[in-house]
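J.: Copying in the features that TrEMBL gives for the protein in this structure:
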TRANSMEM  33-53  transmembrane segment
TRANSMEM  84-102  transmembrane segment
TRANSMEM  108-126  transmembrane segment
TRANSMEM  133-149  transmembrane segment
TRANSMEM  155-179  transmembrane segment
TRANSMEM  374-394  transmembrane segment
TRANSMEM  400-417  transmembrane segment
TRANSMEM  429-446  transmembrane segment
TRANSMEM  452-470  transmembrane segment
TRANSMEM  477-498  transmembrane segment
TRANSMEM  504-528  transmembrane segment
């Protein structure tokens, strides 16, 4: 989509936007009502298309539309394409398994369970839209398995029909949501970014005004850190609302990277004792008036002017000369904060529909924060599908194949919901049981009296608008999600609709049994809890920090045109680097470390305590300091001292590490007196990064002396 197309599309949506705003003024619950109408329209459209094409099991298309039509609009639009890919992959795999093991039922069931387990692993391991593709690949395979048990030789034809029905459901929901797109995800992300910018600006200025980090500033910083995961999720949702935003994803990612750099700088200043020394106080007096001109509340009223003010402030701060490491640390942090605020304002302008130059980000490699939840998720799905299929075979239950489908649905959908998964799975089972009762009344008492599609559509609106309204709320929303998904197979809205009492009760029992099996396996194999997850993330991060420290040193090769470590990441406007919107250029080692730690910080539970968030930021800052020193300590004597210090740090010999780093700082101080070098490796910056490490050794000795052996990383609770 071109820039003009994007602006034009916003103009079309702008026609409907005032209607939405008027509804919200008249009816506070208008967004929930809007979702209910969207859900009913998506289901009805999917049924209409399948009836028109005379496809037999139309309810699979309608069920898919109900699954795709989530309250989060932006994510659903992008999920549509990935769900179609997942559907096709799942169909191909199941047809292949049927071709190989059509005469070997046990091997076929085992292979299906293994495939679903692999999909469950991928659904948690992968991020964002690819996660939904993996989940749907497993669900599609079980649907084709259930439909072809009576005639496996007809599997290719049935697979084509099921894939067509599922893709019709995806397309129907996407079309309805595209027409009713009011930019909700964009507005939510803009609000979150503005809130984080206000917290960052005020908190850092409070830190500069105080002699040291106070409980209030520490709490404010940890609150921003804990919000990073929510901002990342909201960013993915906003990117999904249009191809233009998708093409400008690098702009939004750059804002998140700049925010991380600013938080690290803020943390370094707050944790450094010499920040209250005479020279540091003088620098604070010079920096504070520049930052005081930044009115953070203006970011929502006039983001363009706010961005210009921040860019000017960043340039002025970057021009300040520093001659001691405490002052250098303050100047670098202040410049990073101003640059982060400018990036945030630019992102808000982009989300508001303003044109923006594309910022291509670096190549993204798969980064795994913690593999254990994905492994547990894959094993859980495998066991649930295998158990349900074995029960079906052992009892010769006519509806058992559909129980396999819904056991896969329950475990695949909720596996990536973290510590909430077991509660959500229980709610899902409750919803399936409730719709079995309500659906029975509709199936036997209402549907036989209807004639024609308009009457059926009216019934669907009467059913799905209330379900969607409740699903978009906060009170047990998964109960109503389950009712939306399970209602259509239970009602048997095929072409034509058939009425079979025994078939209905068998299917209802299969839906409830399959959902219950998934819930039981969430109890038997629970997800990793928030406390254990935080300990694992800290242990993994500490292990990776130590591995980073013992890597062989390479010949120093500082990045040209950048003054400090943070310049490499944020593209801060300086005399040597005036292009704020230039492509982000990071050393691959630094970029990998920042992304890895960013994922782990995002993986922290929103309920994580301040100490856990602070420890993760400490390890992030230490890794950045280690990478900077490895790249910028040039002399042979300095590199020998650095190697010794890093090996002591990796071995948790903190006293020896402190002595070695102190010697390195003294060597850098001597080099500073002998040289007037102003490049990226100038000694004052080396001393600043050494000071970050020494501060961490003093303040976080318990964290850095903890053991991080592989078995403790895998089972940290056992230690």
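From the backbone N, Cα and C atoms, a Cβ is placed for every residue, glycine too.
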J.: Quickly jot the same-chain residues contacting the transmembrane segment (155-179) by Cβ under 8 Å, restricted to those at least six beyond its ends, or write none.
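T.: Long-range Cβ neighbours of the transmembrane segment (155-179): 38, 41-42, 45-46, 49-50, 53, 55-58, 60-69, 73, 76-77, 80, 83-84, 87-88, 91-92, 94-95, 98-99, 102, 136, 140, 143-144, 147-148.
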J.: In terms of Cβ proximity under 8 Å, which residues at least six beyond the ends of the transmembrane segment (374-394) contact it?
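T.: Those are 105, 109-110, 112-114, 116-125, 138, 142, 368, 400-401, 403-404, 407-408, 410-412, 415-416, 513-514, 517-518, 520-522, 524-525, 527-528, in sequence order.
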J.: Who are the chain neighbours of the transmembrane segment (108-126) in space, where the CB to CB distance is under 8 Å and they lie at least 6 residues beyond its ends?
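T.: Sequence-distant neighbours of the transmembrane segment (108-126): 90, 93-94, 97-98, 100-102, 132-135, 137-138, 141-142, 145, 368, 371, 373-375, 377-383, 385-386, 389-390, 393, 404, 408, 411-412, 415-416.
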J.: In the same chain, which residue numbers or ranges, 6 or more beyond the ends of the transmembrane segment (452-470), come under 8 angstroms Cβ to Cβ?
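T.: Counting only partners 6 or more residues beyond its ends, the transmembrane segment (452-470) has Cβ contacts under 8 Å with 29, 32-33, 35-40, 43-44, 47-48, 51, 66, 69, 442, 446, 477, 479-480, 483-484, 487, 493.
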